[in-house]
Amino acid sequence: MSVILETSELPAVFDGVKLAAVAAVLYVIVRCLNLKSPTAPPELIYQDSALARFLLKSCPLLTKEYIPPLIWGKSGHIQTALYGKMGRVRSPHPYGLRKYLTMPDGATATFDLFEPRSEHCTGEDVTMVICPGIANHSEKQYIRTFVDYAQKNGYRCAVLNHLGALPNIELTSPRMFTYGCTWEFGAMVNYIKKTYPQTQLVVVGFSLGGNIVCKYLGESQANQERVLCCVSVCQGYSALRAQETFMQWDHCRRFYNFLMADNMKKIILSHRQVLFGDNNMKKPQSLSDADLGKLYTATSLMQIDDNVMRKFHGYSSLKEYYEEESCLQYLHRIYVPLLLVNAADDPLVHESLLSIPRALSEKRENVMHVLPLHGGHLGFFEGSVLFPEPLTWMDKLVVQYANAICQWEKTKPHCSDTEQAVSGQE
């Protein structure tokens, strides 16, 4: 009789274990995918001004709820991973002309030029000058998707190809792109200004490109001439502050750091003959074979920056390199309308870094900080349940903001409070 009782109880025990296992799996899925997180309009930090009121009225995306794909879109890691792996879905192939510019040190800068495919909503000639993220270029899918959308909205687009990033373009000097070097971007902007004297500029930077464009504008007031506005998406603002957080394991930042460092190593090593070759008399004297050996064993971007990148520009230490090349000290010198976009769940940008754009937007009438809950790092996918749409929230926001600024320039009242603020700051 006891044997019969024991065998009848076993199935119930196994069923309980199964239910517990299923519950545990569902709990992990809900936590990892952040399914309980709400959808909401982005948080906006700005000062009340005529410009801000006009933007809130003219840019519905600033006040509209951002809804990512239901199943996975609330995970910053998945948004970031999908952006990094596939860039965009059904990415178009806009046609552009590649331009080559010789720099004073012998480097050859390249950028791709895309003409507008329709008339701009204001009837004006407007060019977007675009700086991609780290090691990126005009052939990346997220850039192609954005350029195609901007062209359809009447914008000419000029996209910088970071020095050394294109696999089919050889370096012509012992230097490649770095965290904050604005030389190539400045050369591209000057070319556009000279070639199209009637055009006005919208400056756009993604991730590392956001640092470069903000630093470029703040370096000189002349760099802001004919610039209507600037948009920076998913940058970290200060490499010096970010380096500690980038070595931490929370939100897997140390893992992302390793992956990005591995990609940088591959790019540098593909140009090692130009950068490290013994017959290259122009290479930095501080760059040696020992640095090449350290490059092979590097597991973080900071190690690569310290052993290689800073030496292209003669910095004596990593601290000096990060301090001088970050846009942090230049942001307050930007007087054109400035939109700073980050995602609260960006695994690469620590939340402590977001105090920088927040503080700036609380003081400057020309600055607005936009912080949606979701989006990851350059993800910002939209969609109903599982499959994302080709255009992202980010693509639409940048064009919508640029359209609004162009309209503002045509219709703004004389001596607006933004102009008064700028004249007072000058």
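Just so it is clear, glycine is given a Cβ too, placed from its N, Cα and C backbone atoms.
Pulled from TrEMBL, these are the features on record:
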- SER207: active site, charge relay system (ACT_SITE)
- ASP346: active site, charge relay system (ACT_SITE)
- HIS377: active site, charge relay system (ACT_SITE)
- 127-383: domain 'AB hydrolase-1' (DOMAIN)
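Straight-line distance linking the Cα atoms of SER207 (active site, charge relay system) and ASP346 (active site, charge relay system), rounded to a whole number, equals 11 Å. Other C-beta atoms found within 10 angstroms of the C-beta of ASP346 (active site, charge relay system) number 25, with every protein chain shown included. Comparing HIS377 (active site, charge relay system) with ASP346 (active site, charge relay system), their Cα atoms are 5 Å apart once rounded. The Cβ neighbour count for SER207 (active site, charge relay system), using a 10 Å radius over every protein chain in view, is 22. Around the Cβ of HIS377 (active site, charge relay system), the number of neighbouring Cβ atoms within 10 Å comes to 26.
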